[in-house]
Amino acid sequence: MVARLLLRSWSRGLAVGPGAPCRPLSTGFEPSQYLQRSIVPTMHYQDSLPRLPIPKLEDTIRRYLSAQKPLLDDSQFRKTEQLCKSFETGIGKELHEQLVTQDKQNKHTSYISGPWFDMYLTARDPVVLNFNPFISFNPDPKSEYNDQLTRATNMTVSAIRFLKTLRADLLEPEVFHLNPAKSDTDTFKRFIRFVPSFLSWYGAYLVNAYPLDMSQYYRLFNSTRLPRPHRDELFTDDKARHLLVLRKGHFYIFDVLDQDGNIVSASEIQAHLKYILSDNSPAPEFPLSYLTSENRDIWAELRQRLVSGGNEATLGKVDSAVFCLCLDDFPIRDFVHLSHSMLHGDGTNRWFDKSFNLIIAKDGTAAIHFEHAWGDGVAVLRFFNEVFKDSTQAPAITPQSQPASTDSSVAVQKLNFKLSDALKTGISAAKEKFDATVKSLTIDYIRFQRGGREFLKKQKLSPDSMAQLAFQMAFLRQYGQTVATYESCSTAAFKHGRTETIRPASIFTKTCSEAFVREPSKYSAGELQQMMAKCSTYHNQLTREAAMGQGFDRHLFALRYLAAARGISMPELFLDPAYRQINHNILSTSTLSSPAVNIGCFAPVVPDGFGIGYSVQDNWIGCNVSAYQSRNAREFLQCVEKALEDMFDALEGKMIKT
């Protein structure tokens with residue numbers, strides 16, 4: 001139960017509550033510079049967080065075989081089962097013991113952290129579409145505040161307030177409260193702040209509060225992924241005080257923090273952004289941003305050419321900027337246009353390597369597009385929620401505010417790059433590849449209005465499990481098979497936890513899907529309801545295990561990584577076609593729901609897959625799906641809608657329409 005609720009808290013992206021009532025303000029504390037003033041220091045719990053457990057090898061093998069069962073025929077399953085037995089008693093046992101020993105020697109981190117960073121940073125595929133997702137903000141409830149200049153100014157100020165609050169250790173620690181009446185109180189916070197940090201987690205645990213890992217937060221700002229041959233580098237320069245702004249492919253910088261570390265006045269930021277928006281320069285012939293969409297080794301070589309061509313200092317300004325603000329010159333037409341714009345755009349007005357891009361369209365539609373190597377969205381989601389809350393509830397300017405009378409032509413620096421013929425050729429080649437890839441991507445969206453979380457909970461069913469069941473039914477209806485499915489689950493309850501995989505395709509979802517899709521007339525509504533209940537119970541178990549670090553994917557990944565690192569012949573288990581198949585995730589899924597979130601999306605993780613972003617709200621279910629040319633996203637969504645209609649019919653005791 002605890003794990004399930006924890007998962008709802010961070011993986012589902014519930015809105016972060018307001019900061020605790022402040023301590024008496026000390027001299028020099030300026031409230032307008034900060035989002036909140038937490039009684040408990042931001043990183044108070046970090047030292048005492050529990051360590052990510054390494055599952056028992058026998059549990060991992062059992063879970064792995066359970067996940068393989070719906071994907072394999074009897075002959076394939078017997079072969080995989082035999083390989084698992086050999087692995088468990090042979091080389092797998094040795095590797096597991098080595099992993100446990102290594103973990104005991106590295107108590108400052110988790111067993112997955114290093115290998116997971118390596119996995120991302122050694123990947124040579126472009127970051128855009130292959131790794132970077134986006135989350136879009138809901139519009140400001142006050143429509144006049146959705147003006148592009150107004151919203152860009154307010155969101156920028158709120159973002160810098162977050163930065164200052166985080167670095168001053170004044171941001172509320174990320175904690176999930178099972179009993180907020182006891183733990184989310186001033187009384188408890190005043191007590192726990194005096195408990196030494198190496199014991200503080202235990203103090204919170206005693207009142208059913210669960211602090212979460214916040215180690216990824218320091219990479220939010222002033223950070224960029226730098227392309228390097230073979231393995232990229234994560235770069236952070238927290239001394240830099242300037243913002244990077246992209247518009248029409250041009251690069252601009254100006255300081256958002258003064259020399260004393262105070263936020264530049266909102267009216268000055270407004271003036272500088274207005275100045276940038278009024279720049280009528282034509283788009284550059286060779287937009288540099290395309291290079292961040294390239295294969296990482298090609299980009300590394302071209303970046304070296306940029307550096308040796310006299311652009312090192314200018315590139316340094318891009319890399320060290322607090323973040324990248326992208327101002328687009330067009331309004332958003334609909335959800336599909338929004339998804340294409342925020343997931344990839346036209347390639348000219350994003351710096352895909354930046355820890356995050358804050359994108360604001362002409363009509364004020366806003367989104368965060370983020371690079372994935374540095375973190376898993378835990379920090380991004382907290383930042384996202386806080387920026388939305390602050391910019392809508394305590395905006396720095398109003399639509400009537402006048403920009404400061406300041407000389408923006410001096411304060412704003414336009415960055416110019418010296419491009420050799422080789423670099424121009426490289427940019428043109430990158431554009432060609434980017435355009436071709438984007439052209440092959442389709443995105444479509446549905447909103448199922450018949451019901452959502454409230455109805456499903458009344459039926460005592462997990463809303464997430466029912467959404468996942470709908471995807472299984474839809475794929476079976478469309479393509480006639482059950483395939484490898486991935487749902488991400490945060491393990492932020494542990495020090496340096498990353499993610500674990502929930503495997504939603506199970507023998508229960510397969511049985512239930514076949515009943516609904518292939519022979520619904522054979523079963524009564526009651527029998528179908530019982531099948532759905534079994535799916536829900538099992539999905540809850542998988543979710544609970546994953547959140548507690550008790551999945552199988554990360555453990556097997558770490559064992560495989562260890563074998564490769566130590567030059568050991570790759571165990572047969574990892575050469576089994578079934579292992580490759582279960583890691584070829586045709587259905588890759590992720591869910592978010594928050595008062596701040598409008599919609600999110602990512603591209604398929606394999607060429608013949610679907611990328612499924614979904615949200616189960618109180619009274620509706622939204623689903624945003626991406627696909628390349630070998631799959632039909634529109635048809636898949638029609639099948640999802642049919643699945644949901646059938647499920648709701650069964651839950652209401654009606655016959656399933658064939």
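Each residue, glycine too, has its Cβ placed from N, Cα and C.
The transit peptide annotation in Swiss-Prot covers 1-25 and rests on similarity to another entry.
Summarising model confidence by region, the topological domain 'Mitochondrial matrix' (26-178) averages a pLDDT of 96. Summarising the annotation, Swiss-Prot assigns topological domain 'Mitochondrial matrix' to 26-178 (among others).
In the shown protein chains, 15 other C-beta atoms lie within 10 A of the C-beta of K69 (N6-succinyllysine). In three-state terms derived from DSSP, K69 (N6-succinyllysine) belongs to a helical segment. The N6-succinyllysine annotation in Swiss-Prot covers K69 (among others).
Annotated N6-acetyllysine per Swiss-Prot: K79 (among others), in sequence order, evidence recorded as similarity to another entry. K79 (N6-acetyllysine) counts 14 other C-beta atoms within 10 Å of its own C-beta, drawing on all protein chains shown.
Cβ neighbour count for K85 (N6-succinyllysine) (all protein chains, 10 Å cutoff from its Cβ): 14. Look at Swiss-Prot and you will find K85 (among others) tagged as N6-succinyllysine.
Here Swiss-Prot flags 209-658 (among others) as topological domain 'Mitochondrial matrix', drawing on similarity to another entry.
Positions annotated as N6-succinyllysine by Swiss-Prot, on the basis of similarity to another entry: K239 (among others). Secondary structure at K239 (N6-succinyllysine), as computed by DSSP, is coil. Other C-beta atoms found within 10 angstroms of the C-beta of K239 (N6-succinyllysine) number 7, with every protein chain shown included.
Among the features that Swiss-Prot reports, N6-acetyllysine is placed at K239 (among others), with the record citing similarity to another entry.
Marked as active site, proton acceptor by Swiss-Prot: H372. All protein chains considered, the CB of H372 (active site, proton acceptor) has 18 other CB atoms within 10 Å.
According to its DSSP assignment, K418 (N6-acetyllysine) is coil. The N6-acetyllysine feature in Swiss-Prot is assigned to K418 (among others).
The feature N6-succinyllysine is assigned by Swiss-Prot to K418 (among others). Using a 10 Å radius centred on the Cβ of K418 (N6-acetyllysine) and all shown protein chains, the other Cβ atoms total 10.
Taking all protein chains in view, 12 other C-beta atoms sit within 10 angstroms of the C-beta of K424 (N6-succinyllysine). Under the three-state DSSP scheme, K424 (N6-succinyllysine) falls in the helix class. For K424 (among others), the entry in Swiss-Prot reads N6-succinyllysine.
The annotation N6-succinyllysine is assigned in Swiss-Prot to K439 (among others). Following the DSSP three-state reduction, the secondary structure of K439 (N6-succinyllysine) is helix. Its own atom aside, the Cβ of K439 (N6-succinyllysine) has 9 Cβ atoms within 10 angstroms in the protein chains shown.
The CoA binding site annotation in Swiss-Prot covers G452, R453, E454, F455, L456, K457, K458, Q459, K460, L461, S462, P463, D464 and is backed by similarity to another entry. Classification of G452 (CoA binding site) by DSSP places it in coil, neither helical nor stranded. If you take the C-beta of G452 (CoA binding site) and look for same-chain residues 6 or more apart in sequence within under 8 angstroms, you find P463, V616, Q617, D618, N619, W620, I621.
Annotated (R)-carnitine binding site per Swiss-Prot: Y486, S488, T499, in sequence order. Of all the Cβ atoms in the protein chains shown, 21 others lie within 10 Å of the Cβ of T499 ((R)-carnitine binding site).
The Cβ neighbour count for K510 (N6-acetyllysine), using a 10 Å radius over every protein chain in view, is 18. K510 (N6-acetyllysine) falls within a helical segment according to DSSP. Positions annotated as N6-acetyllysine by Swiss-Prot, on the basis of similarity to another entry: K510 (among others).
Shown in sequence order, E487, C489, E500, T501, I502, S588, S590 are the same-chain residues outside Y486, S488, T499 whose Cβ sits within 8 Å of the Cβ centre of the (R)-carnitine site. For the recorded CoA site, residues G452, R453, E454, F455, L456, K457, K458, Q459, K460, L461, S462, P463, D464 set the reference point as the centre of their Cβ atoms, and the other residues of that chain within 8 Å of it by Cβ are M466, V616. Cα of S462 (CoA binding site) to Cα of S488 ((R)-carnitine binding site): a distance of 16 Å.
DSSP assigns K458 (CoA binding site) to a helix.
Each of the binding-site residues E454, D464 was assessed for Cβ neighbours inside 10 Å, and the highest tally belongs to D464. Taking the Cβ of S462 (CoA binding site) as centre and 10 Å as the limit, one finds 23 other Cβ atoms among all the protein chains shown. Note: the CA-CA distance between S488 ((R)-carnitine binding site) and D464 (CoA binding site) rounds to 12 Å. Counted within 10 Å of its Cβ, the other Cβ atoms near S488 ((R)-carnitine binding site) come to 17, all protein chains included.
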